Structures are given as C-alpha cells and as structure tokens.
Amino acid sequence: MHVVSTKQMLNNAQRGGYAVPAFNIHNLETMQVVVETAANLHAPVIIAGTPGTFTHAGTENLLALVSAMAKQYHHPLAIHLDHHTKFDDIAQKVRSGVRSVMIDASHLPFAQNISRVKEVVDFCHRFDVSVEAELGQLGGQEDDVQVNEADAFYTNPAQAREFAEATGIDSLAVAIGTAHGMYASAPALDFSRLENIRQWVNLPLVLHGASGLSTKDIQQTIKLGICKINVATELKNAFSQALKNYLTEHPEATEPRDYLQSAKSAMRDVVSKVIADCGCEGRA
C-alpha cells in the first residue's frame, strides 16, 4: 500500500453513498490513532494538514510517516493539503510527493477565486494531483485565519456550476451553515441549498467544520452529496481534555508514553464515531 490521491477515494464515495473522513493531524499520536483505527475498521481516511501543521512537522517528515504507516498497516492513505492559499507553497509540496490539495481562495471575489484556483488545477493535474476548492466562506478560525461570522457567506448553487466548470476542480467545498471550531449550540444547516448545489454540480462535495455535528446532520449531508467530511477541532479537544484530566489526577506524572495513552484513547473514540457516521467502515 502507498500514499494515494483522494480523487479515486471520493469518486468511490460518491458512487457508494458514503463519505470519507479527513482528519486534521497535529502530532504523531493523532496520526497513529487515525491510521490504526481506520485500518482496524477497513475504512478509507484522509490525513489532512494545514500550512501550520506542515511547517510544524516538516513536509518530508509527514510524507515519510504516512508512507511508512500505509505500508505497515497495508492500508491506502491520502495526505491532503488543507486550506492552503499560496501557489508556490502548494507547488513545492506537490513536487515533494503530496497528491491531494485544497487551494482556498474563497476570501477573494468570484472571478479572482476562479483565476487563482485554475492556476493551481492546471499545475496539479500535470502531476495527477487532485484539487479541492471552496466557494462560499465558513466562519470561525482555521490555523491562523479568523473569519468573523458577519463575513461568512453561503455557496451560491448556480455559481457553483460555473466555478466547477471554469476551474476543472475535482471536488468542491461548500458553505451551508457549518463553521470551523466547536458549536455553542447546534447549527441550522441549509439542506435545501446543499440539495440545489448537488443538482447543479456533479462533483464530490466537501463539508468543512464538521466537528460537533450530530450523527443525524452528518448522515443527511451525505444523502445530499457530501463525500468528504473534515474533522479537526473535535480531535484536538479530545486530546487536550484527556491530557488535562490525566495530569490533574496524576500530578506526579512525567512519562509521556503514559499520559499520552489517555489522550490517544479519547481520540480513538472520536475517530471511530466519525467513521461510523460517515458510513465508510469496510470501504477501504
């Protein structure tokens, strides 16, 4: 097994009526939990990293780790650039071996978004790299980027078709009421908008900001065309809360291999639940 593109993963999900979870990883323990759990459940998963994650860990290190774990567990894995904005940064990582990219130019006016995305698509497709882009903009914070709720806006279904056709993207991230981070109360997702987008666009659709969504809402979005579910904050929260609890109960603890086990156990529960919600167990 080896590092693969997300294109076939998401096309399979679109045909099969399930979604592939993309887990944002932040350290070795997160990677171990995601891959081990996915392999045990025979579920396809995507290892995602923001620019900050790649800077923290190093592109070559992440690629080597994903490749080694794919071979160790005999499980296909995709490593994905999440919310990358700079062409030169994307190009460098693609040349290093990354095979899945999200170019996020959603903050730009429509025409400029198309232009920026098409530049990335034209480059990436030369290397058989799949490209995701976003139309509409989610509120909340992702990496170092903060989008105020007032500046967030939903995806326009008619524009979505024009955007997809003009850019040649392989998947489309949509804005239907989710946000980055956890929710103080359950969000009201615009399912009718999602259904309209699917009628206009015959591409795998992507849902960002899925941390904290109910199983019912996740499964409804999948019925309406979502093929990739992004989860980041829920993993971070599980990790940090379990770690805090352990160190509070065991203030004398100094061995990382001991106290990190509680954090891994908490994350394992999250990963298992997300895989179940996505309906992708046994699909790898």
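Placed from the backbone N, Cα and C atoms, the Cβ positions cover glycine too.
Owing to the predicted nature of the structure, the values given are computational and were not obtained by experimental measurement.
Some features that Swiss-Prot has for this protein:
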- ASP82: active site, proton donor (ACT_SITE)
- HIS83, HIS180, HIS208: Zn(2+) binding site (BINDING)
- GLY181, GLY209, ALA210, SER211, ASN230, VAL231, ALA232, THR233: dihydroxyacetone phosphate binding site (BINDING)
List of residues, in chain order, with Cβ under 8 A from that of VAL231 (dihydroxyacetone phosphate binding site) and at least 6 apart
PRO21, ALA22, PHE23, ASN24, ALA210, SER211, VAL270, VAL274
DSSP, reduced to three states, assigns THR233 (dihydroxyacetone phosphate binding site) to helix
Is it possible to get the count of other C-beta atoms within 10 angstroms of the C-beta of ALA210 (dihydroxyacetone phosphate binding site)?
26
May I ask for the distance between HIS83 (Zn(2+) binding site) and THR233 (dihydroxyacetone phosphate binding site), taken between their Cα atoms and rounded to an integer number of Å?
15
Between the binding-site residues HIS83, HIS208, where is the Cβ count within 10 Å the lowest?
HIS83
Express the distance between the Cα positions of ALA232 (dihydroxyacetone phosphate binding site) and HIS208 (Zn(2+) binding site) as a whole number of Å.
9
Given THR233 (dihydroxyacetone phosphate binding site) and HIS208 (Zn(2+) binding site), what distance in Å do their CA atoms have, once rounded to a whole number?
11
Distance between HIS208 (Zn(2+) binding site) and ASN230 (dihydroxyacetone phosphate binding site) at the Cα atoms, whole Å?
5
What is the separation, in Å, between the Cα atoms of ASN230 (dihydroxyacetone phosphate binding site) and the residue listed as 'active site, proton donor'?
9
Within 10 Å of each Cβ, count the other Cβ atoms, then let me know which of the binding-site residues ASN230, THR233 comes out lowest.
THR233
